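Per TrEMBL, transmembrane segment is recorded for 13-33, 45-64, 84-101, 134-157, 187-209, 221-247.
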Amino acid sequence: MTVTQLLSSVGDFYVYIIAAALALARMTGLMVIMPVFTRLGLTGLLRGGVALALTLPLVPMMVATLADADPTVATTAFLLMKEFAVGIVLGLVLGVPFWAAEAAGDILDLQRGATAGMLIDPSMAQQTSITGTLFAIVMLALFFAAGGLGLVLGAVYDSYGLWPPLRVTPVFSAEAADLLIGLLDRVLVMAMTLVFPLIVSFLLSDLVLAALARAAPHFNIFALSLGIKSLVFCLVLVLYAAFLVFYMGEDLAVLREAGTRLRAVSPD
């Protein structure tokens, strides 16, 4: 093989490197923020390997797209940042059910005074509640059992029709900010819906404790309430567990609406 042939082969391989980088940028943005991947502890080289495996089907499409264009180095760098931003938006839209489940657990632990028992989330380097971690893990189990990974990958692959990889601007629609902020409202509504019976049971226990405080003022009601609320939590959660899992499954159906939400965020 001559030097010219070697350089020619390297040049052909360079196109595949750029194509893989563009495909990886969007998937990496998704994996950085979506709880499906952050909760599993995918970091560093492991996350890169999983992202590469999930984006391999996109590389031929990227190569064909790059064959019709010749972006400069500056344009390619901007496209990589744009693809990463699109991946983050995908993660925000697709991560709503998981954040709702974790928020539901956080609300319960706050109501029963169990915020002192916090766990360290290694993926986010921050504290998280015990019940929030439990609900998040249950939601992840339901997600994988129901084949949710296929829905996520389908949404990512379909997003290339909304955000072509070589399209520079505009990246998002004018209403994108309002729609993404509205996801916070959706998370809170879903969280409160999941744990409403448990919150009602805490309210009833507070009323009983208030009546007990008036009848027996010498009791330390605050110290007593922590144990009573934890007992009520354990009893009601056992009775409500089957319904809770069902409602979590219903929340996962939001992933089927991801295409509609993404079209609202896209510039077209």
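Including glycine, each Cβ sits where the backbone N, Cα and C put it.
Because TrEMBL annotations are produced automatically, they should be read as predictions rather than curated entries.
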Distant-in-sequence neighbours of the transmembrane segment (187-209), which means Cβ under 8 A and at least six residues beyond its ends:
96-97, 99-101, 103-105, 107-108, 111-112, 135, 221, 224-225, 228-229, 232-233, 236-237, 240, 243-244, 247-248, 251, 254
Counting only residues 6+ away from its ends, which parts of the chain sit with a Cβ under 8 Å from the transmembrane segment (45-64)?
15-16, 18-20, 22-24, 26-28, 31, 37, 153, 156-157, 160, 165
